[in-house]
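S.K.: Below are the features listed in Swiss-Prot for this protein:
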DOMAIN    9-114  domain 'FAD-binding FR-type'
DOMAIN    254-337  domain '2Fe-2S ferredoxin-type'
BINDING   C288, C293, C296, C324  [2Fe-2S] cluster binding site
Amino acid sequence: MYQLSHTGKYPKTALNLRVRQITYQGIGINAYEFVREDGGELEEFTAGAHVDLYFRDGRVRQYSLCNDPAERRRYLIAVLRDDNGRGGSIAIHERVHTQRLVAVGHPRNNFPLIEGAPHQVLLAGGIGITPLKAMVHRLERMGADYTLHYCAKSSAHAAFQEELAPMAAKGRVIMHFDGGNPAKGLDIAALLRRYEPGWQLYYCGPPGFMEACTRACTHWPAEAVHFEYFVGAPVLPDDGVPQDIGSDALALGFQIKIASTGTVLTVPNDKSIAQVLGEHGIEVPTSCQSGLCGTCKVRYLAGDVEHRDYLLSAEARTQFLTTCVSRSKGATLVLDL
């Protein structure tokens, strides 16, 4: 079991924040409020941002900030306990208590809100409400036109209902409960059938929900579609066929060449580019190890990359790769290092 710590391995730039309050938000869901020890202002963040939480064993987990970005004296995250996950959510639920100090990273945003759109469509599945809730707060402050569709198994499984109630009363937030059968819930395909110029779409949730959203918005312009996956979700690579990011069958060995020195290193099928670089003294910052956060992104100069991240746009993939999950379709990749 992984144990959060303020004395373990984490960057020197991490923030030591105190847990001021923990609130129950639904079945298996707790919200955690972090503040500075001196009660001062925290670094500002934008809607859709996340922070890293650091564990004793060096592992890192990302959690979306879900409070109003205008608030400067607290960070709020919500954590769904997953007994079949990698241990992070269990550690937080069982070991993080009020008044404890926790190492928290600075806010980063890979899922930004595009402001100024004539209409914003937000789709949340389960705990995927977290980044979208922050967007709702921002859109409310702007007086922007938006609709949030929040899908959950039941009311008991939906977080932040009391806080979202005023928006629901105005018809801005619409709840959809399917009893555990998505076929009885929101018809995502029907909802996304309509697109108007300038509209922006955002979605976040579990794998099946994400797949349904992705398949339903293929006619939307790429620049109008924004999404954020969780760890363990299936990825749609270049050919559109779902894969498992960690598939050994597809993790073929290849070589990487360091452009600045000409050094050639072999990446075996059981190691990532980031791991091999680290073993040879070439440190590339890493965080999620799952192609979610972009911390380990580097530029490549030559080679045919098999991208397995959830983050990079088609344009970005022509220049960058994520060293934690990307592989090579050919014999060699040349990295701009």
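Positions of Cβ are set from backbone N, Cα and C atoms, glycine also.
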S.K.: When the pLDDT values for the domain 'FAD-binding FR-type' (9-114) are averaged, what is the result?
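M.R.: Mean pLDDT, the domain 'FAD-binding FR-type' (9-114): 91.
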S.K.: For the [2Fe-2S] cluster site (C288, C293, C296, C324), what does the 8 A shell look like? I mean other same-chain residues with CB within 8 A of the CB centroid.
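M.R.: Result: A274, T286, S287, Q289, S290, G291, L292, G294, T295, T322, V325.
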S.K.: Among all protein chains shown, how many Cβ atoms are found within 10 Å of the Cβ of C288 ([2Fe-2S] cluster binding site), not counting that one?
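M.R.: For C288 ([2Fe-2S] cluster binding site), the count of other Cβ atoms within 10 Å is 23.
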S.K.: Within the domain '2Fe-2S ferredoxin-type' (254-337), how many residues are helix, strand or coil going by DSSP?
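M.R.: When I sort the residues of the domain '2Fe-2S ferredoxin-type' (254-337) into the three classes, I find 10 helix, 26 strand, 48 coil.
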S.K.: With every protein chain in view, what's the tally of Cβ atoms within 10 Å of the Cβ of C296 ([2Fe-2S] cluster binding site), excluding that atom itself?
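M.R.: So the Cβ neighbour count for C296 ([2Fe-2S] cluster binding site) comes to 23.
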S.K.: List the same-chain residues at least 6 positions away in sequence whose Cβ sits under 8 Å from the Cβ of C324 ([2Fe-2S] cluster binding site), in sequence order, or say none.
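M.R.: Correct list: S272, I273, A274, T286, C288, Q289, S290, G291, C296.
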S.K.: Would you mind listing, in sequence order, the residues at least six apart from C293 ([2Fe-2S] cluster binding site) in the same chain with a Cβ closer than 8 Å to its Cβ?
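M.R.: Within the chain, C293 ([2Fe-2S] cluster binding site) has Cβ neighbours under 8 Å at H50, D52, Q62, R108, N110, S287, L311.
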S.K.: Just to be sure I understand, if DSSP states are collapsed into helix, strand and coil, how many residues of the domain 'FAD-binding FR-type' (9-114) fall in each?
M.R.: 8 helix, 41 strand, 57 coil
